[in-house]
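Asker: Under the heading domain 'Thiamine phosphate synthase/TenI', TrEMBL lists 9-190. Positions annotated as 4-amino-2-methyl-5-(diphosphooxymethyl)pyrimidine binding site by TrEMBL: GLN39, LEU40, ARG41, GLU42, LYS43, ASN71, SER110, LYS139. The Mg(2+) binding site annotation in TrEMBL covers ASP72, ASP91.
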Amino acid sequence: MVKSFPYQLYLVISEETCVHNHFLTVAEQAVKGGVDLVQLREKNTSTQAFLQKAFQLKEVLDRYNVPLIINDQLEIAQQVEAYGIHVGTSDIAPTQIRENWKNLQCLGYSIEDIQQLDTLESKTADYLGISPVFSTPTKIDTITEWGLNGIQQIRSMTDKPLVAIGNMNIQNTYEVIKAGADCIAVVSAICACRNPATAAEQLRNEIEKA
Ligand code: TZP
Ligand code: MG
């Protein structure tokens, strides 16, 4: 269990979403710009390739003391000795993850509707992903969007750290933090930029303003 969640700018990265630079370069530049947590989320790759990317990314992040979270894949997360794992409601259940990974430090769980908040699975998580805050072309299998009202509602019902994900950018970061999110998670706002360090710095500035 994490005792605290000091992270505010969370990069969710995959090789294919990094259109202008190699994903390891994006990760390193983003960290230099202020990203303080990174998740590797590979959807269209073999287990072997995912594992290899995870080792490579961990090596970069370790140099900056930035923790690595692995999306969905428990064995990969354990093999690379990641800081944690992030799952959604249709993945391996948080309770099952805890049973199988005794010294797991950080477990993230995305919720997509309000009924999922008051469940054992949500309570088992170290942080909750509010998914998606705004609809996004990066993930199209979502059911609705939380919006600012959704964040406020969840904030009033739980003390868990809340990570806002879904079309987050420099225009909406300030209001999302003000609505009650603790951390902003982005794919495109950093991965699709030519200059990931500047993109991260600008997001960080918005967070600090709020
Ligand atoms: N989960 C909910 S929305 C999303 C994930 C992984 C994708 C966010 O991508 P972007 O490009 O930051 O909108
Ligand atoms: Mg998943």
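Each residue, glycine too, has its Cβ placed from N, Cα and C.
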Asker: Going by DSSP, is SER110 (4-amino-2-methyl-5-(diphosphooxymethyl)pyrimidine binding site) part of a helix, a strand, or coil?
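Answerer: The residue in question, SER110 (4-amino-2-methyl-5-(diphosphooxymethyl)pyrimidine binding site), is strand (DSSP, three-state).
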Asker: I need the CA-to-CA distance for LYS43 (4-amino-2-methyl-5-(diphosphooxymethyl)pyrimidine binding site) versus ASP72 (Mg(2+) binding site), whole Å please.
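Answerer: Cα-Cα distance, LYS43 (4-amino-2-methyl-5-(diphosphooxymethyl)pyrimidine binding site) to ASP72 (Mg(2+) binding site): 10 Å.
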Asker: According to DSSP, folded down to helix, strand and coil, what is ARG41 (4-amino-2-methyl-5-(diphosphooxymethyl)pyrimidine binding site)?
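Answerer: It is coil.
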Asker: Please list, in sequence order, those binding-site residues from GLN39, LEU40, ARG41, GLU42, LYS43, LYS139 with the Cβ less than 6 Å from ligand 2.
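Answerer: List returned for ligand 2: none.
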Asker: Taking the Cβ of ASN71 (4-amino-2-methyl-5-(diphosphooxymethyl)pyrimidine binding site) as reference, which residues of that chain separated by at least 6 in sequence fall under 8 Å from it?
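Answerer: Those within reach of ASN71 (4-amino-2-methyl-5-(diphosphooxymethyl)pyrimidine binding site), by Cβ under 8 Å and sequence separation of 6 or more, are VAL12, GLN39, LEU40, ARG41, GLU42, ILE85, HIS86, VAL87.
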Asker: Going by a 10 angstroms cut-off between Cβ atoms, which of the binding-site residues ARG41, LYS43, LYS139 has the sparsest surroundings?
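Answerer: Taking ARG41, LYS43, LYS139 as the binding-site residues, the minimal 10 Å Cβ count falls on LYS43.
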Asker: Would you count the other CB atoms within 10 A of the CB of ASP91 (Mg(2+) binding site), including those on all shown protein chains?
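Answerer: The Cβ of ASP91 (Mg(2+) binding site) has 17 Cβ neighbours within 10 Å.
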Asker: For GLU42, ASP72, listed as binding-site residues, tell me which one has the smallest number of other Cβ atoms within 10 Å.
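Answerer: So among GLU42, ASP72, the binding-site residues given, the one with the fewest Cβ atoms within 10 Å is ASP72.
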